[in-house]
Amino acid sequence: MPSSSSGNSRHFSRVAPVVLAILDGWGHREEVEHNSIRSAETPIMDALWHAYPHTLIEASGAAVGLPDNQMGNSEVGHLTIGAGRVIRQELVRISETVQAGRLGQTPALIALAERLRKSDGTLHLLGLCSDGGVHSHINHLCGLLHWAAAAGLNKVAVHLITDGRDTPIQSASKYLHQIEDAINASGVGELASLCGRYWAMDRDHRWERTIRAYEVLTDPNQSISRVTAEDVLSASYANGTTDEFLEPTRLSNNYFKDGDGLVMFNFRPDRARQLVQALTLPDFDGFPRANQPSLDVVTFTQYEHDLPVGVAFPAESLDDLLGQVVSEHGLRQYRTAETEKYPHVTYFMNGGIEQPLAGEERHLVPSPRVATYDLAPAMAADTLTESCVNAIESGVYSLVVINYANPDMVGHTGVMGAAQEAISTVDRCIGRLLDSTGRMGGTLLITADHGNAELMQGSDGQAWTAHTTNPVPVILVEGEKRKLAGYGNDIQLREGGGLADIAPTLLQLLDLPKPDAMSGLSLIQAIDSPTPSARLPQPV
């Protein structure tokens with residue numbers, strides 16, 4: 001930290017930080033109806049939007065390396081923000097492999113098939129069954145069934161995790177029919193279990209949920225449903241239980257046994273990790289395991305470094321990320337979020353690097369332990385803001401990154417009143433960040449990673465719990481000690497940008513060079529200057 005001394009006293013100069021506030025799930029939609037953002041009390045954000053440079057940027061589809069019209073998500077959004085370029089996402093990589101019929105060329109799957117042919121074990125296929133494209137895609141499961149048939153694996157059990165969060169809340173029947181068609185077309189496979197993602201895909205160490213999914217997969221004494229999968233869904237809906245919360249249900253006697261193989265086809269790690277830990281780690285202590293079958297496991301992507309599993313699609317390495325540039329120039333940075341979004345501002349934003357960079361400090365604020373976040377719309381936002389204000393005013397961090405989970409996590413519940421409260425909470429917290437950053441002479445850049453809370457009801461009248469393809473806002477509040485040289489007060493934010501432009505913008509604000517690998521462009525330009533041609537960086 002720079003310092004100067006005078007006489008016997010020593011004075012440390014305080015850094016005026018650049019603060020990036022990511023409002024998770026805060027998309028832009030003009031219509032007020034079913035829009036928890038436009039209909040909530042947001043005096044701070046409204047005032048900033050009208051008084052400071054602002055724009056809208058793309059956070060879905062090709063702008064973040066996804067297929068056209070594919071909604072963005074937190075993992076992809078933070079990866080793109082940190083990379084400063086469009087990255088070909090796992091959904092695209094895996095889909096291209098499936099469509100080309102190349103799953104059988106994947107080394108991890110080749111090895112698994114060879115071992116199962118020798119052991120005569122059952123192949124279990126487990127994952128989220130929908131076309132949401134956030135954690136998985138049903139086409140990948142269909143591809144796995146055809147791969148298994150071609151590989152001579154005739155004993156195949158399919159374990160479906162129902163969605164209702166990234167898809168309509170009662171849409172599982174459609175996907176169930178698709179899987180039944182794929183089973184018939186491939187000639188292999190049996191529906192073995194159903195389980196809502198609430199139980200199977202927890203990421204907050206709520207082990208009382210994970211154990212329910214674990215037991216339906218491993219317990220030989222679990223009762224088998226006497227009705228069809230379709231009947232299970234119908235009964236669930238009649239009881240007011242939607243897809244996300246579907247009770248774990250065994251449909252056949254095909255549970256996990258010693259010598260079996262498992263492919264977990266979720267490609268997003270954060271919500272697949274806990275269940276796979278329970279299935280594979282010898283020293284797992286999240287809950288007592290009455291049954292611990294010895295399995296040969298392959299996951300589609302790397303969920304964490306120390307899992308004893310094969311990985312079908314290893315990560316592509318990334319360099320010259322935002323955090324690396326800041327670190328390599330000897331500057332300190334601070335990343336903070338509550339439990340639900342902590343991996344996003346750390347692991348994902350750093351391109352899949354788990355260890356902090358030199359000079360990077362991370363602070364986790366626990367999320368409230370409630371069943372669903374409509375019961376606590378404020379979540380931990382006030383505590384999170386307090387910790388961030390302390391970091392800003394410490395005067396040691398050049399870059400401060402904070403994520404507010406409320407718009408996304410409460411938006412996912414589909415409860416309008418709770419979402420409005422969540423939005424107003426975040427608005428109030430932005431006011432505190434603004435005051436703190438201003439006192440330090442720093443600059444505040446506000447954006448979001450994808451849309452969600454701006455649409456709370458679908459055209460069918462059902463609650464909308466998924467993300468959207470809407471653009472997201474960017475607002476720049478320059479600080480007195482961070483004024484950009486050569487612009488005066490004549491700054492505007494250009495149109496036609498995407499999330500890949502956030503890192504180059506931050507580097508310009510920090511007066512740091514943009515690496516050649518960052519194909520994104522700063523959003524900052526002088527008023528009335530020509531706007532760069534609206535082009536999206538090409539995936540790498």
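Glycine is no exception: its Cβ is also placed from the backbone N, Cα and C atoms.
Cβ neighbours within 10 Å of SER74 (active site, phosphoserine intermediate), excluding its own Cβ and spanning all shown chains: 27. Annotation comment: Swiss-Prot describes SER74 as active site, phosphoserine intermediate.
If you look up Swiss-Prot, you'll see ASP24, SER74, ASP449, HIS450 marked as Mn(2+) 2 binding site, on the strength of sequence analysis. There are 29 other Cβ atoms within 10 Å of the Cβ belonging to HIS450 (Mn(2+) 2 binding site).
The secondary structure of ASP166 (substrate binding site), as reduced to three states from DSSP, is coil rather than helix or strand. According to Swiss-Prot, the substrate binding site annotation covers HIS135, ARG165, ASP166, ARG197, ARG203, ARG268, PRO269, ASP270, ARG271, LYS341, on the basis of sequence analysis.
The number of other Cβ atoms within 10 Å of the Cβ belonging to ASP408 (Mn(2+) 1 binding site), over all protein chains shown, comes to 28. Annotation comment: Swiss-Prot describes ASP408, HIS412, HIS467 as Mn(2+) 1 binding site.
For PRO269 (substrate binding site), the spatially nearest entry among the recorded positions SER74, ASP449, HIS450, HIS467 is SER74, judged by CA separation.
Neighbour counts of Cβ atoms within 10 Å were compared for the binding-site residues ASP24, ASP166, ASP449, and the top value is held by ASP449.
For the recorded Mn(2+) 1 site, residues ASP408, HIS412, HIS467 set the reference point as the centre of their Cβ atoms, and the other residues of that chain within 8 Å of it by Cβ are ASP24, GLY25, ASN73, SER74, ARG165, PRO407, MET409, GLY411, HIS450, ASN452, ALA453, THR465, ALA466. DSSP assigns ARG203 (substrate binding site) to coil in the three-state reduction, placing it in neither a helix nor a strand. The local packing around ARG271 (substrate binding site), expressed as other Cβ atoms within 10 Å of its Cβ over all shown chains, amounts to 22. Counting only same-chain residues at least 6 apart in sequence, those with a Cβ under 8 Å from the Cβ of HIS412 (Mn(2+) 1 binding site) are GLY25, ARG165, TYR373, ASN452, THR465, ALA466. Among the recorded positions ASP24, SER74, ASP449, HIS450, none has a Cα sitting within 10 Å of the Cα of ASP166 (substrate binding site).
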